[in-house]
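Trainee: Got a structure for you, written out below as structure tokens; questions coming shortly.
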Amino acid sequence: MSTINVPNSTKTPAKSPLKPEPGSGVSGRHKPSRYKFVYRSILWVSVGLIALGSNDISHASKTLVVTTVNSAAHTSLYQNQSWDEAVATGNRYTVARPLIDLEQKFDVGVTVWLRRAEEETQDAKGAVAKTAIYQDIVFRGLQLWDKARLAKIPLQIPPRIFRSGNISTSDLHASITLVPQSPSILDRMWSFSSWSPTSQKSARSRLGSPVEFGTSETSLLDRVVDSYAVTINLVRLYQKTPSNEVVVSEEDGLLLPENNVPEGSEASCYAFADSGQVMPAERRHMLKPYIISKSHVLVADETHLFDLKGLMEMRELHSRYSGVCEIAPEICDKMRNYWTNGPSETLLQLAADSSDDEPGTGGKKEPEWAYAPYLTGSRRASGPKAGIRSIHVAINADDLVPIPVTRQVCDRNASNAASRLIAERDEDQPINVIWHLTFSTASPRKIVAAELYGSHSTKDASPDHSEVVQLNDQRMLDMMDAFMGDSPDGHPRRKYIVGLLIWLPVFPQIILSILYWVRRVRSSAVYLSIKGTCMIALSYTLIAILNAIQDESPPPDFLETLLFSASMLWAVAPVELVWSELNWMPSSIKVMKPNHRERAVRRLDERFQKRYVLAVYVELTLLYYFISPFNVYLIAPVDPPTTPTSHAWTWAWALINPLYITGRLCQIMLNYRSRVFAGDYKVTVYLWAMSTLCGLISHLEWVMGNDRVKTGWSVGDACYAAMVGILVVQATWLRRDSELGTENEDEK
């Protein structure tokens, strides 16, 4: 329908293709002032719910702030000069130099410790003794610019210790340290000072120089390299669900799930006590142990000269924790981080270099000082999924390897349970595991970021969780490892930037959508497809309910989605609240008759007849159910095989996705016929398009690098991208509905 051109020299607003009837007034909904309170309440409640449900936003903000602050750790102690300048100016005795600088080569030694069973032996102090099951130099001739060096370490682990109730993540742990190659300033070391007590140091690695490696003697060199060693636990514990327990039936000896025990039976569960005796099982026996087969170690490439007095003051502060470290070394390890320890963790006193005798001193000089390198183990280096890891070579390995032990047996006869436990223990065979250890150097800023993310526990990343939760957690772990140099071909910075461009528009997009629909509630439903809006609102509601059933969304997200859907339905509903003069609550609901423009828009909307809408929805539903476009990939995924639980709600998504697409098609058709863009702000569509485009880029291997876990880009994703592209074209070439406000006023 063509527009009406008014022959007048003055500029008039452009007319809509909807020609008004002569003499008919066009007016929107006139809302009382009390409505402002309702609208603002809806808006601010929605914003609050989004903020409560957006854990990623709050976590990212905290990470950005804390990393920015902590990245400046210890910079106040920097001495802005090189070692040669310090020697020339006579400041060599007032500064601390790095034990390992950019030119120094070093080796990396590893010792893997296993806790002995309490019935086997204890040390002199009564503490549980440990035995070394592996000890070797795994990297040789490294320097501070080496990254992503990989070692595959074969381990044979006796499973007996994991049958006891008193198991811990530190029962199997590794000690990793650096040994500078000679010549180095370590050759002139005659004393050192460390924040950790002697008992803890002697139990770490017992590593000396490569020549002395593996000897039982602990020299001064052994003790100093042990003092700055890092300890990494190689066991992770998860709560075992009751459905996985083992039950022995007394009648036929069959193994049955616990929930299949006949009613009236009085089966009890038995397990090994810490002393090795059989005892009634306790809750702690439900812990399922896993061996961590992938770890990542970082060393800070800190080579600045530090003010010696400042480091001494920091060492004095750390010495207050020596008593805690003596009693509970695991607490000491948790307290350890670059912000508190940094270069002051271990200080070395060096003998005077006779080749640098200064005139007038008579050969008598003050000692020089050096600080040891700071090592840390990435606490987020392992995830719950199996896959292919690309570091120089492909590695097919699980990050978490289950330990094949039966920790409790349930039987109505205690003797039968004890016999089975003892028989299985006697038949134990060593567990063969390949431990993949990667070593990288990183800047202090990256060290702080690694420890910050590591402080957030990964206990929720259980192998028993859903496929989606495991994949998302594994992708986050791999990206953080790549940031720390664990994956040389992973392009972590590109992934981080593209990830930000995908998720940063989400929050403003949600806020703008809420603002749009609150505004439409206050005005009118003109240019809105009623059936399309209802279908979209219904799809949002069903998604919220489905996510709540699957426990994949927090309650604030659920409430926010319901509130948003209610706003959409209220905007197109032909009703209005009637307010009384005395009460602040509405007294009744009034059915509003559509004005001329709304009737004209409805006529355009009805051109897409309901039977055609129903036919499109039914066809899309059948397509999604039988073909499942989201399982037909244009860019293949890189992840483990999908488990049957991933398809548990296929029928539900086959109903929801077509509902949303059909609703969007109704609004797109109405926009095309009315020559007006409605249904969203234009900027919302542009933000949506940016997220969609970046989502496509994130799947391109030649841009983002290799991944061992990555979702694919499916035909369903391509359909959504095409729909977004159509909306972008309409938002670019069509007028927005808010531009017609002046027409409404002129036509009253």
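Using the three backbone atoms N, Cα and C, a Cβ is placed for every residue, glycine included.
Automatic prediction, not curation, is the source of TrEMBL annotations.
Quick paste of what TrEMBL says about this protein:
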- 1-30: region 'Disordered' (REGION)
- 1-13: compositional bias 'Polar residues' (COMPBIAS)
- 496-518: transmembrane segment (TRANSMEM)
- 525-549: transmembrane segment (TRANSMEM)
- 561-579: transmembrane segment (TRANSMEM)
- 612-636: transmembrane segment (TRANSMEM)
- 648-671: transmembrane segment (TRANSMEM)
- 683-700: transmembrane segment (TRANSMEM)
- 712-734: transmembrane segment (TRANSMEM)
Trainee: So are the transmembrane segment (683-700) and the transmembrane segment (648-671) touching or not, going by 3+ C-beta pairs under 8 A with a sequence gap of 6 or more?
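Mentor: No, these stretches are not in contact.
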Trainee: May I ask for the residues of the chain that lie six or more residues beyond the transmembrane segment (712-734) and have a Cβ under 8 Å from a Cβ within it?
Mentor: 624, 628-637, 657, 661, 664-665, 668, 671-672, 675-677, 680, 682, 685-686, 688-689, 692-693, 695-696, 699
Trainee: Counting Cβ pairs under 8 Å that sit 6 or more residues apart, are there three or more between the transmembrane segment (561-579) and the transmembrane segment (648-671)?
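Mentor: Contact between the transmembrane segment (561-579) and the transmembrane segment (648-671): absent.
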